[in-house]
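Summarising the annotation, TrEMBL assigns domain 'CBS' to 600-664, 697-755. Marked as transmembrane segment by TrEMBL: 68-92, 153-175, 195-215, 227-243, 255-279, 332-356, 368-385, 441-461, 468-487, 515-540.
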Amino acid sequence: MVNAGDMNGSGNLMDFLDEPFPDVGTYEDFNTIDWLREKSRDTDRHRKITSKSKESIWEFIKSLLDAWSGWVVMLLIGLLAGTLAGVIDLAVDWMTDLKEGVCLSAFWYSHEQCCWTSNETTFDDRDKCPKWQKWSELLVNQSEGASAYILNYFLYIMWALSFAFLAVSLVRVFAPYACGSGIPEIKTILSGFIIRGYLGKWTLLIKTVTLVLVVSSGLSLGKEGPLVHVACCCGNFFSSLFSKYSKNEGKRREVLSAAAAAGVSVAFGAPIGGVLFSLEEVSYYFPLKTLWRSFFAALVAAFTLRSINPFGNSRLVLFYVEYHTPWYMAELFPFILLGVFGGLWGTLFIRCNIAWCRRRKTTRLGKYPVLEVIVVTAITAIIAYPNPYTRRSTSELISELFNDCGALESSQLCDYINDPNMTRPVDDIPDRPAGFGVYTAMWQLALALIFKIIITIFTFGMKIPSGLFIPSMAVGAMAGRMVGIGVEQLAYHHHDWIIFRNWCRPGADCVTPGLYAMVGAAACLGGVTRMTVSLVVIMFELTGGLEYIVPLMAAAVTSKWVADAFGKEGIYEAHIHLNGYPFLDAKDEFTHRTLATDVMRPRRGEPPLSVLTQDSMTVEDVETLIKETDYNGFPVVVSKDSERLIGFAQRRELILAIKNARQRQDGVVSNSIMYFTEDPPELPANSPHPLKLRRILNLSPFTVTDHTPMETVVDIFRKLGLRQCLVTRSGRLLGIITKKDVLRHMAQMANQDPESIMFN
């Protein structure tokens, strides 16, 4: 405590924040942080550490530890995120196969692991081994026939329902924030919004467990988006261990940006794509230092996942492919067509999914989340089982669609009619006419495509962890593979056509259908999320197809153009708006010619602005003002007559300051004068002790004049991350513009309901 001596007969005076008290500088739930204040607090902290480091060896060591703490946090995030991703991959593999059968030698082995360890497995029957038994073989000793099929079908549905029921129950009871993909909320949190508990330990634990359950249940969702949420939970946990991050919300968000990169790195085995995804898609404030740290976190996470080797192929991902033929210029036309399909699918999906989610929010449907999950799971399992392409896990499906048909492939998609005289190296098989298996696969894929498109609309947004990357890629990969087979057969049967004549001679391997699947997957994912650069990098890291960057770029750009023609919002921005999060998207353009005076509060006919005076209000006056209003802060003026602006005081800090003053300072009572000036005001001799609160006053609040164009104001809010901005004329306070006022105004200008942006 600082004693300011006897002044004006007022006894002991105190500047109450000379000693910081608990919770000062923190924010309440569902509030926006003040980026400028967090930045200046970190600069002050850094300056203090630097000056102290010259005093002694111990202080110098402490300053080194502080400098290295960021890298330590990144290392820990990478290790934990990589480990969790590996465990999730292994568990999903086992539980997905558990729906169809069990390994007799070790029940914890998946089908593939069971057959690896068996000595009785032959290459031709590599999917059949005596140690792996379907449920019908185990229970009624029958592997073929109607009764065996019906029993397997029934148990498949039962397992799927039990996994989904357990997942939705865990989410509902223990961690309601563990539902959804998490990326819309993480974007909002990184823009400066506080959602307490969203990145908590319970959310981390429940999301990890339920993610395994829902992916194994066979629902049309992926684990990639939720893995970003899981990695950010790891980032939040580790940043709370270091005061540099736990006490500064701005610094914490730098860690979360890097954690998001680590999440994508382990989701796709794409460390560089992860960094670019964080930069392009989720981060709001991304300084160069965060770029390096994101890269390090993504590297450690990918290295950890590679050490666990969950897929047993020494790769980070399931989809690694190697194509043996280059692509040709004439193929750009079908690639661009796939881009158009991706853009149209993205638009259709966003509109239908948002309409369904809005219906869920505004009708009685939202009151029965468990029933909704059970019904959707039952429908998915009943329709998925008969079709081999929907029965298997979506990741395995994409992997098969991406694959090139080698000589050793046993897939239906590779059932071509071979030329008996063919003597060629195994890798370079010429184009051949399609056999019966390929035609069967084509109509099964067409049915699977229609089913996936419809069911994903209803699945994304339910009260379970649900990612969108894998279902979107599956839709594109199915469409792409069908187009690829079509082009391949066209080239085989009509190689004398002018478009094929230059590059497709008879007996040559011209067209790779797997490449079309890869391009289609990129196009559909781009159409839904509107990613471009990071998408292309993720796709080539995911598949190893470095020489196919141009087709991927062509498809990604086309898909974005087509989707943007119908609406600029990606799926994550659409969900942010649906939930009413206060998020100012840097991609949105504001082109209306309105002024600050049109948006500021108070408007004409509204009561005057609630303000504090610098040295004439009592503690009771301020407490009454706080009680009667719900504003986040109050401008401080010289007097109510002059309205000359002095600064801005936060509501939370006023409450804490008054509470602590009553507890720790003798003589502070309801009629004590509160002052924000350097020197106390002139007071009568018998006055109670005044309370000095200059330290909680922001002496440089951001101000604009009443004639500032709103285009500039919106830009200022975006680039500086402001919570509010004061409007003045010649130093006189006229009003205030908050972030929500800006969002309301933008909604109004776009002919939307201004209240739709209010967080609910």
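Any Cβ shown, glycine's included, is placed from N, Cα and C.
Bear in mind that the values here come from a model prediction, so they are computed numbers and not experimental data.
Across the domain 'CBS' (600-664), DSSP classifies residues as 24 helix, 17 strand, 24 coil. Proximity of the transmembrane segment (441-461) to the transmembrane segment (332-356) is established through 3 or more Cβ-Cβ distances under 8 Å for residue pairs spaced 6 or more apart.
Within the domain 'CBS' (697-755), the DSSP-based counts of helix, strand and coil residues read 24 helix, 19 strand, 16 coil. Pairs of Cβ atoms less than 8 Å apart link the transmembrane segment (227-243) most often to 68-92, out of 68-92, 332-356, 468-487. Outside the transmembrane segment (153-175) by six or more residues, the chain places 95, 98-100, 135, 200, 202-203, 205-207, 209-210, 213-214, 216-219, 369-370, 373-374, 377-378, 380-382, 385, 391, 462-465 with a CB less than 8 A from a CB of the stretch. The transmembrane segment (68-92) makes no contact with the transmembrane segment (515-540), as judged by fewer than three Cβ pairs under 8 Å among residues 6 or more apart in sequence.
Note on the transmembrane segment (468-487): residues 181, 220-225, 267-268, 331, 334, 337-338, 341-342, 345-346, 349, 389, 394-395, 397-398, 401-402, 413, 434, 438, 442, 445-446, 448-449, 452-453, 456, 459-460, 511-525, 527-529, 571 of its chain, located 6 or more positions outside it, place their CB under 8 angstroms from a CB of the stretch.
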